[in-house]
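See below for the structure under consideration.
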Amino acid sequence: MAGGGEKTPANSAQPRKARSPHGSVYGRSSECQKQGACTPSPSFSSKDSRQQLVTPVHPLKSVDSRSSPCSAGSVGSDSGAAPFDICMNCNKGPIIRLNPSLLEINRDKRQNRQLCKDAAPLQYLRPGMVLLKKFIKPNDQVRLCLHLFFFQSQINHVKIVKVCQQLGVGSGGFYRPGYRNGAQLRLWMMCLGKNWDPDSCSYGDKRPFDGAQPPTIPEEFRKYVQDAIQASHELLKQHVGAANAVEELPLMSPDICLLNFYNSSGRLGLHQDKDESRSSLDKGLPVVSFTLGDTTEFLYGDVCDEDKVSKVDLESGDVLIFGGKSRLIFHGVSNMKPKTAPKWLMDETNLRPGRLNLTFRQY
Ligand SMILES: O=C(O)CCC(=O)C(=O)O
Ligand SMILES: [Fe+2]
């Protein structure tokens, strides 16, 4: 995944050894360090981030209790603390909610339809990078988005949140990666398919700190990714011609998914996703990223410098794809925009305030 943890400031002569919470992102690999690339610092400014290596800790385990359980300084075993639940009260019986009035329901649906009509189905951000606006549909609504008529996507907001919630409270579920000095990254994460280890900046079969095997990627999620890539090809043809669409964004079959949950103060420093296999990176196999919940500002560019990057808002239902010539762009998440999640999504799922992000890759 991306490097989540700290990053080396771009202008730092001595690249930092910090690693990112998500694989590739922040100075994941020694290669990254050699290149002087950023190590992601989801939680810190580059000034603050002069810390020790990132090391994942169990969400509720105190930092002090990390008594060097493993040589790399990575976390100890599961302390038995409660797993992080991205939804509130999900396991505590039915949620009692007053029925919204017909007026409210209709207003909500009208707004959604309007948003969907207004959004251009595809934003071409740069070669190899596209944004499918509002590609993920609400479950109860016939979408008017043009691309959905064409591609019949079955991607469904509520279903994705519910599946992630269930996976997140099980073995290999959400945890809060942290730094050796006790500071924590500003997100919760978990992996599907393969584990991305922030300490070694590499993928493996098990999570070193508790031995948990990451859950497999649900088949329907893999199908959503195929739908999104196919849709992007159809729409890309208008920009680059039919012959070039697949070259611009190569096909891929995801075997890794990193899930991130950001609360209202969540962020992820600039980093590159480059811990996938050499062949995957060389072919430019894309990273496909889903946003659900609150809107966030996404940064991307050729250099690891927040003053030189472009910005785009990612809203609930958006699918961002970057591959080909953009596979190794620097990217990160800066400002969360609280209370921007669709009301119907919060009502249906009881998702915590914040943003759920899924990034799919092929190792
Ligand atoms: O949350 C996002 O949109 C970005 C996540 C990311 O870059 C990563 O997981 O590598
Ligand atoms: Fe990333």
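Glycine residues also receive a Cβ, built from the backbone N, Cα and C atoms like all the rest.
Now, the feature entries from TrEMBL:
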type     : residues               : note
REGION   : 1-77                   : region 'Disordered'
COMPBIAS : 30-54                  : compositional bias 'Polar residues'
DOMAIN   : 253-363                : domain 'Fe2OG dioxygenase'
BINDING  : His271, Asp273, His331 : Fe cation binding site
(message) So if I draw a 10 Å sphere around the Cβ of His331 (Fe cation binding site), how many other Cβ atoms end up inside it?
(response) 27
(request) For the domain 'Fe2OG dioxygenase' (253-363), give the DSSP counts of helix residues, strand residues and coil residues. (result) 16 helix, 50 strand, 45 coil
(message) I'd like the Cβ neighbour count for Asp273 (Fe cation binding site), meaning other Cβ atoms within 10 Å of its Cβ, all protein chains included.
(response) 29
(message) Can you give me the average pLDDT across the domain 'Fe2OG dioxygenase' (253-363), rounded to a whole number?
(response) 97
